[in-house]
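Taken straight from TrEMBL:
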| type | residues | note |
| --- | --- | --- |
| ACT_SITE | 116 | active site, phosphoserine intermediate |
| BINDING | 67, 167, 169, 290 | Mg(2+) binding site |
| BINDING | 67, 295, 299, 337, 338, 431 | Zn(2+) binding site |
């Protein structure tokens, strides 16, 4: 075979290979194009379904309030969840559902930073009012709440909190009073103030048993006679089958999550129990859930307690989201009423906020202080409940405080240890006035996006509860009107 003949054969092979490759590439291109179009179609369908879901009617509303849960708390909790070896800080359960922020200021003649009562009234009734007001406008007239509207249209209603169930936030949804301090009167209101012959709140779960079983009135007995189940611990809560229930799990507020015994239900336990009952109503329900003691920890400048209560609130939030995802007709909105304590993640000239010392705490400083009063042994208590060894100076500070026999002074000495070791700062023992985050999931969630006012929460929910979908127009009487 000559060189040219061999060359021609080689050229023919290359030509054939080229045609084959061209054909394969063309077919592959067609396949890829087909797959691309198919993928685009699937995306369009998914987006259409998402849009359709967002615009679907709302049957149920779960409104969750992390009392005092300003941005430093949600950010701090993100750091708290991370392992020391993590190169990136992980997201919390809240982060995926962030839609915007809300303003929190009150309408008070003397103060422009809100308290929980005024803020809750704004979110429950859609009006600005004075600090301490429980669902009253500035002229002391009653303001209808979204819970009351829900009951009027035939929905079931519930209030869940880790504070007394008569505390400012839940009270502003189910009662009316000139002052948040009148908690016995608020308890009376839950029973006495009815709508169409029915008690306004079907599910009441939280603390405050001493406000219901009083010398002057036994509301526990009255609620029981009215058909409510009465439970006092986690076991009885789980076993009870009554549709209407009064659950009172502590004389005052519940213990913080980190201090809680197995007998006391968590916020997630109470949320789940409420949803199981309220979901039986074919017309739907309105449920308010409050993580009350994020705020209490902030007032005490207790970073250990704050992270404990953030964890408790997140678990309840996850229960609500799981329910909404399975149900498809439930809107979950989560926010804070204000921030508390002026929490700072880092202080002085150090560019660090360290969570390892916080994880070393097995109980809150308040709990440890009470134990020191009981047993009189500082070293035994701190060794049992703190997983790091105190320095001589730290131990001396706690022992000096213990000599006073004052629980608060001992707790302050312990809190300072955790603050110094974690590099946590505080500016106040009160509230601060910054905007707070808003999270939303479910049908009509987009209505809560952007920068809104706290009164917008109620105005939007009124329309959803009514079924109109229209933001309510509410006349705010204002100061001196």
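Keep in mind that glycine also has a Cβ here, set from the backbone N, Cα and C atoms.
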DSSP three-state assignment (helix, strand or coil) for residue 337 (Zn(2+) binding site): coil
DSSP three-state assignment (helix, strand or coil) for residue 299 (Zn(2+) binding site): helix
For the Zn(2+) site built from 67, 295, 299, 337, 338, 431, further residues of that chain with CB within 8 A of the site's CB center: 68, 115, 116, 119, 294, 298, 336, 339, 340
Set of same-chain residues at least 6 away whose C-beta sits under 8 angstroms from residue 299 (Zn(2+) binding site): 68, 340, 341, 429, 430
In three-state DSSP terms, the structure that residue 169 (Mg(2+) binding site) belongs to: helix
From 67, 116, 169, 290: recorded positions whose CA lies within 10 A of residue 338 (Zn(2+) binding site): 67, 116
Cα-proximity to residue 116 (active site, phosphoserine intermediate), 10 Å cut-off, over binding-site residues 67, 169, 290: 67, 169
Rounded distance in angstrom between the Cα atoms of residue 337 (Zn(2+) binding site) and residue 67 (Mg(2+) binding site): 6
Packing count at residue 295 (Zn(2+) binding site) (other Cβ atoms within 10 Å of its Cβ): 31
Distance [Cα-Cα, Å, rounded] between residue 290 (Mg(2+) binding site) and residue 431 (Zn(2+) binding site): 17
Chain-internal residues, separated by at least six, CB under 8 A from residue 431 (Zn(2+) binding site): 68, 113, 114, 115, 338, 339, 340
Site of maximum Cβ density within 10 Å, from binding-site residues 67, 290: 290
Cβ neighbour count (within 10 Å, all chains shown) around residue 338 (Zn(2+) binding site): 27
Tertiary neighbours of residue 167 (Mg(2+) binding site) (same chain, Cβ under 8 Å, six or more apart): 116, 161, 180, 183, 206, 208, 253, 290, 292
Spatial separation of residue 295 (Zn(2+) binding site) from residue 67 (Mg(2+) binding site) - C-alpha basis, Å: 5
Tertiary neighbours of residue 169 (Mg(2+) binding site) (same chain, Cβ under 8 Å, six or more apart): 65, 67, 116, 117, 119, 120, 161, 163, 288, 290, 292, 337
